[in-house]
Amino acid sequence: MKKKVLATLLATTMVFGLAACGNSSDSASTDTANDAATTDDAATADTTATDDAAAADDSASSGDLIKVGIINNDPNESGYRTANDKSMKEMFTAENGYEASFAYSLKNDEQITAAQKFIQDGVDYLLLSAADVSGWDSVLQDVADAGVRVILFDRTIDADESLYEASIVSDMAKEGETAVTWLKDQGLDEYNIIHLQGVMGSAAQVGRSGALDEAVKNDGWKLVTQQTAEWNAEKAQQIVQSVIDSGEKFNVIYAESDDMAKGAVAALDKANISHGVGKDVVVMGFDCNKWALEELLNQNWNYDGQCNPFQATYIDEVIKTIEGGGEVAEKTIIMDEKGFDATTITQDDVDSYGI
Amino acid sequence: MKDMKTKFSVKNIFRNQIFIPIAAMLLLLIFNLILDPSFFKVTLGYNSAGNPVLSGYLITILDSGSELAILAIGMTLVTAATGGQDISVGATAAIAGSVILRVLCGGNSRPEHMQAPIIVAFLVAVLASMLCGAFNGILVAYFKIQPMVATLILYTAGRSIAAWINNNELPVISDESFSYFGGFIPGICIPTPFLIALLCIIVTVLVMKFTTLGLYTQAVGINEHSSKLNGLNPIFIKFITFVILGVCVAVVGLIKVSRISTINYSVIAKDIEMDAILAVALGGNALGGGKFNMTASIIGAYVIQCLTTTLYKFNVQSDALPAYKAVVVILLVVSSAPTVRAWFTKTWAGITAKNVKEVG
């Protein structure tokens, strides 16, 4: 009996499998048809480009939606990414005159596949936060050939500047400098620092570590330990725990993300080491998560550096400029980013900058 | 254990399974003793809440190694019964942790008070994680899919599911009592994770002693067909080992989220599946299934944590840790190869024979 059931099951799956094959070959042929269509579109688009620009205002008011394809990293990656994705979804809505489709991946090749799909869908703009810096030249050339404009956000890539309209990024090195300048201004008697780094080689890690390394070299600060906790709170906790167990003295924790600062603080609490404003250990974090800013408000932490995830408004401006026939003055647009001090932060700051 | 008592002799030490993890542990401890005896210093202090707590490297090892020890219990059973490993435990732990936070927060990511008792949240998480285990179990036991391939599904999807459970938000529990599970219970100076691990170990010992689970698991692992002929149901036994692992994973999820009172879906319990499998291997258990030794796996888990803590102590770059673990794996695999073992036994026999001659 069982065997019969299994056999029928197998048979049905096979039939479905065959059907699926049939389908895919079908879709393949339609794909090529689509390809032809899109290239045609592109050609006509080229000839009518000037008209389009002139008519852009009309089309916006007449309810023609601007089609954008957004390729982002996985929103679960971090609180930063979640906030980033959320702001994108809020900005690119039908009410604001956009028709948006989203693709998420942490892998470059999957992102490239998504980009090719967006070309076939005939999007007007491709918004890209690339997983890796390299490997984008040829696909962006295809994108350009299809008449799609590219705007990079959050991350830059190694490709010719002519391939994209604008790149809206954070200046991680500046974030680091702001934080280190703040630390310098505290005028501590001595600086014994536990430095918790992000994933080695990531832009945020390189930028935020760079400024501190510089200061350590020039100002005679001491790094008690410099370890990567890979954005991971538990790892940060273990690293700080290890320093506490060794009995070495330290008075600053420079964590390159809020999560890691939180892990470090958990280890401090366990060992009854006081931290925060006017206490034994200065705690510094990055990213401005809401809960982290609240720790600042309660004076349990001392400093939090912002990494602005709200590129959507900047992108909107760029698209409006291009649609209006204008030129984007600067290819690389660097966003405003702040650093918050526990002694001056207000509830308003928490509400408006917390992610 | 009975074997050990009756046939205990120097010759059998090398053959005994538990020899490998204990030797590895001793090696690490001696290494630390020579380079820095302060490794063994344990002090009684107070944490910021004013509760007495023990601290020191050894306590850190017991504390941080607990999750791995708990996972090693379930992973040993799965390995023994199916001859394969579950690589989805980290992702499932994320799901369990996410469920706990979801129940405690009740949809509001920043609650003033917990919306449900912790025990309720934990039980729901146990249920969720048993379901994940059951899913893996059905794929492996009933549909006969390779365990590593079957669990690859949740390995890939688990963290996204975990994020979806909480609507992609990152809930934070501010209630003090929630942090007890990953920290200290007021008045008790031993880290709670270790106590939880101890509890799990005691339960496992009792289950092994009073039920036939251990015997049946090994029987299925050694020869599925003959165990079936002897009236066992291999499908059910394989299935149940995955469900038991699910319970272990839920406990790990609770400890992990309690440690930091929040969750980060992409990094919580990251790569823990590899460490859990390594613990089973370090325990000298055949990864192809069959006979197993639970004690050896648990000691193996603490050996891994001991190695990690030692490396942190000597300021080894933490992204180089996997490389060191790889060295351990290589040594392990080579030393447990039949030819090397035979050589060890022979050499030892040679030495003892010589000694006997000299004495005589």
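Every residue gets a Cβ built from N, Cα and C, even glycine.
Taken straight from TrEMBL:
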type     : residues  : note
TRANSMEM : B:18-35   : transmembrane segment
TRANSMEM : B:87-105  : transmembrane segment
TRANSMEM : B:117-142 : transmembrane segment
TRANSMEM : B:178-207 : transmembrane segment
TRANSMEM : B:235-255 : transmembrane segment
TRANSMEM : B:324-344 : transmembrane segment
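Listed as Cβ neighbours of the transmembrane segment (B:178-207) (distance under 8 Å, sequence separation of 6 or more from its ends, same chain) are residues 44, 47, 49, 51-54, 59, 62-67, 69-70, 73, 104, 114, 118, 213, 248, 251, 254-261, 294, 298. Only sequence-distant pairs (6 or more apart) were considered; of these, fewer than three Cβ pairs between the transmembrane segment (B:87-105) and the transmembrane segment (B:324-344) are under 8 A, so the stretches are not in contact. Sequence-remote contacts of a segment are chain residues at least 6 beyond its ends whose Cβ falls under 8 Å from one of its Cβ atoms, and for the transmembrane segment (B:235-255) they are 66-67, 70-71, 73-75, 77-78, 80-82, 86, 89, 92-97, 99-100, 122, 125-126, 128-134, 136-138, 140-142, 181-182, 192-193, 196, 200, 213, 216-217, 220, 269, 272.
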